[in-house]
Amino acid sequence: RQKMAELLGLRDECGEGTLGAPALAGSCLADNRLNLDVYPDGCRRFLQLFKEQQGELVQVEFLRLSSNDCLLDTTLGCLPHLKHLKSLVLKGGHARDEFGSYQHGSLTSLPPDFGNLRCLTHLDLSFNRLSTLPSCIVHLSSLCVLLVSHNSLVTLPEDFGCLSKLTFFSAMKNQLKDLPQSIGELSMLQDLDLSENALELLPEEVGNLHNCTELDLSGNRLSSIPDSLANLKSLRRLHLHSNLLVTVPASLASLPNLSRLDLQNNCLRAIPAEIQTLPFVHVRGNPLGETEPSPQAGNCKASSLHNVINSCMSSGSFIVTSEGCRVFLACGIHFYFPPGAASAPLRIHFRSLTPDPQWVKLRHHDVLLSRVLELHPHGIQFQQEVQIWMPYISPQTPHQHEVVVRTFCGQSWSDLKTRVKQKRKSKKCVAHCCVLHFSWFLVVSRLVQNECKVPAEGTLLFSSVDPNIKVIFPPGATKETRSVKLQVLSVSAEEIQEITAHAECRASPLLYLSQDATVDFLKPVRIQLPLPPGVTGLNLDRSRLHILHGDLEGQTWNDITSEVVLEFTHLYAVFEVTHFSWYWLWYTTKTYIGGIAKKVYERLRLYQVNFIALQRKRDPEQVLLQCVPKHKVDPVLKKLQDRYRGPEPSDMVEMFEGEQFFAAFERGISIDMDRPDCVDGRLSFIFYSHLKNMKEIYVTSPVDRKGQAVKGQVSFYRGAVPESIPEDASRRRKGPDSLWLATLPIKLPQLKPRWDENPGPLYGFSFPPLNLGNAETGYLTQANLLSIARRVGADWQSIGLNLGLTYQQIERIGYNNREDLNKQILDMLFSWAQQNSEDPDCVSKLITALKESGRQDIADEVEAIIELGRQKYSESIRRLGLGQESSTEDSAIAIM
């Protein structure tokens with residue numbers, strides 16, 4: 001082992017040659033385990049070992065390799081020599097594309113003699129490109145656990161039942177359309193996950209899986225299920241949500257061990273009475289009681305998809321067939337797939353993402369109006385255009401700006417032809433576009449763009465914002481037709497005077513011209529700009545008039561007055577150019593006009609904002625932080641004044657759209673450092689002028705507060721410098737003092753004794769440790785629930801009712817603990833938790849109940865905990881390769 005570790009380049013601090021028991025980062029050689037999946041050249045290291053130390057290598061029992069490795073095919077030929085191998089992981093997903101999406105591995109088959117690995121009990125081939133299951137797998141007579149999720153399997157082999165020792169099988173997120181009858185021969189199978197495939201029918205033989213305890217068939221196209229499922233006497237959990245079920249057999253109610261039956265988001269209009277009475281049945285999202293489909297839904301598929309995702313979730317999937325459908329998401333996004341848009345059943349995955357300025361590139365004067373919508377599969381081409389409606393926040397400058405949907409088309413972002421409308425009842429704004437492909441989408445407000453095709457005969461282009469601005473293309477200006485775009489930014493005289501502090505400085509609207517050709521025009525193009533306000537051809541002093549040309553980034557502005565021929569009328573200035581960029585007409589006595597224009601242009605891109613830090617009246621440890629544009633401060637404070645108190649807003653500061661900033665709690669106040677948005681002990685924000693730059697968090701203090709209050713503070717600091725800001729602004733943001741923005745006081749009152757400091761009252765409850773949720777979506781532990789309970793207060797009854805507790809239960813809890821509010825809260829919360837501990841959606845239900853009870857503050861904290869769980873889960877699977885999106889896969893590893 002020491003020699004093998006030396007070959008792998010693995011040495012601990014003591015020089016022993018192995019990193020040993022902890023299996024640090026999954027990249028060590030320990031005993032008979034060889035973990036090479038975290039190495040970008042893991043296969044090369046394996047081949048080197050196989051060549052130089054084959055005798056020792058063939059004793060390995062546990063092996064992990066990345067199927068993203070370019071030497072995988074060569075390595076596969078060596079694997080049949082590892083006769084003692086018990087566990088083999090050949091997973092993809094160890095590499096990411098430029099946007100952070102996992103890349104599937106290159107594995108498409110296995111060598112025929114792979115079936116000679118008689119000791120192999122665990123095989124993980126997830127996140128690869130398998131279209132058929134390699135035939136050699138059915139010859140693995142000892143195989144107990146098989147994972148092939150996230151592949152492209154269409155069918156399973158007819159002799160799949162030969163795997164008689166199989167206890168766990170996961171084929172989630174494939175393209176399975178049917179199952180072989182031999183699947184009923186898997187008599188020892190306990191867990192079967194076939195979720196998110198394209199199954200339309202199940203064979204009756206599924207009812208022969210007498211040892212099966214969990215069966216997941218969610219996210220398929222099942223319209224019915226066989227009565228034979230009632231034979232699964234060991235079954236505890238049956239997942240059938242997000243299918244096309246129109247009926248379910250009443251015999252399911254007779255399953256003796258069943259503790260969860262999920263029928264959500266189907267086409268059920270009636271449910272057998274025997275099943276309705278079961279307390280563990282979930283039927284939300286079904287058209288129960290309807291006699292015919294809703295005309296808006298188009299068909300049953302659309303109806304069942306109306307509530308595909310709970311309002312507190314940000315991702316999910318749905319199926320589109322060749323019949324077409326409408327899909328409504330709880331976040332307000334709406335799709336229409338016309339008949340024939342998809343030639344075959346297709347599963348669409350969606351995610352609502354927080355915009356990240358590292359890859360969401362806004363152009364100058366753009367304003368972000370929505371979150372980012374990601375739709376998978378990327379780049380898929382539909383046969384007909386798919387319509388998308390995206391809600392957005394109405395911009396503040398509708399005259400010179402227009403709303404467009406922006407999408408990523410493989411190499412860069414481009415704007416789609418967009419129509420906007422306002423809903424009558426809700427008054428919410430919606431952007432509508434049509435696409436033939438899926439990728440990333442967001443809604444932005446940009447400068448109004450006028451465009452035209454310029455033929456060899458010439459043409460005329462004018463601005464719809466200011467019709468006095470014209471561009472005249474003479475005949476012969478181009479040989480081949482080229483596309484030209486025009487944008488105008490109007491600047492008021494008051495803005496110019498305020499920024500320049502000079503009453504006599506005036507400027508015309510700012511003109512931006514661009515074209516799709518890389519060469520200049522063959523003949524000069526005539527541009528007409530209105531004279532600056534207050535200036536006419538009668539009072540014009542030509543020595544004070546300047547034509548400025550700016551580069552594409554607005555970094556430099558050159559006075560080109562002497563380089564062009566200027567003509568004047570009573571209201572306009574006309575000049576000729578061959579190169580397109582920014583053009584600006586100024587009227588001033590200043591000499592260094594280029595520097596002044598650069599300063600004004602920079603200020604036009606800045607937003608004046610204030611920071612607020614408020615504490616909840618009921619719970620001062622709950623702090624709301626927000627960065628608010630200056631003109632919105634008073635309305636925001638008025639809206640929050642009933643529930644929060646705090647100091648006056650900070651002094652005004654200036655920020656760019658998409659600029660990062662941090663909030664740091666200081667002087668005896670701290671926060672949870674494990675939050676996903678916490679960087680080096682500070683909360684990270686991204687400023688977008690039209691989005692909510694707000695976070696509500698729970699603060700603590702390491703200082704003993706039993707004797708006195710803690711007078712702390714929160715300070716705001718600038719973060720990374722945006723790539724597109726001017727050089728001068730970037731230079732001013734360097735240095736220790738330039739990063740500080742504002743500081744506001746935070747006061748935590750003297751601490752009163754609570755039940756978590758005095759464990760006595762808690763001993764009245766015998767609650768075992770809890771883990772609500774799952775590894776993939778994150779857990780809530782007993783400690784988390786105690787933290788939540790501490791802040792619930794008098795809202796516990798409302799929260800309990802929204803969690804599904806009856807009035808009788810609430811009254812009983814109140815009566816049994818009538819002298820102690822803390823006990824009432826604990827009894828309610830933990831009783832609900834115990835009853836729903838096996839419900840994977842229980843955390844989502846808790847978040848929804850908190851929001852419906854007006855406790856957005858606690859709901860945000862729970863979402864932060866869950867997000868942290870998801871982040872840690874993702875980090876662990878990237879590090880150890882245990883799985884990426886499936887908690888069932890993680891549990892399968894635990895079996896080993």
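Placement of Cβ uses the backbone N, Cα and C atoms for every residue, glycine included.
Here TrEMBL flags 314-447 (among others) as domain 'ZU5'. Looking at the domain 'ZU5' (314-447) alone, the prediction's average pLDDT is 86.
Taking all protein chains in view, 16 other C-beta atoms sit within 10 angstroms of the C-beta of His437 (active site). Sequence annotations record features per position, and here TrEMBL assigns active site to His437 (among others).
Taken from TrEMBL, the feature active site applies to Ser439 (among others). Using a 10 Å radius centred on the Cβ of Ser439 (active site) and all shown protein chains, the other Cβ atoms total 19.
According to TrEMBL, the feature domain 'ZU5' maps to 448-589 (among others).
Around the Cβ of His579 (active site), the number of neighbouring Cβ atoms within 10 Å comes to 12. The active site annotation in TrEMBL covers His579 (among others).
The annotation active site is assigned in TrEMBL to Ser581 (among others). A simple way to gauge crowding: the CB of Ser581 (active site) has 15 other CB atoms within 10 angstroms, across all the protein chains here.
The domain 'Death' feature in TrEMBL is assigned to 781-866. In the domain 'Death' (781-866), helix, strand and coil residues by DSSP number 68 helix, 1 strand, 17 coil.
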Worksheet entry | Distance, His579 (active site) to Ser439 (active site) (CA atoms, angstrom) | 34
Fill in: Separation of alpha carbons, Ser581 (active site) and His437 (active site) (Å)
32
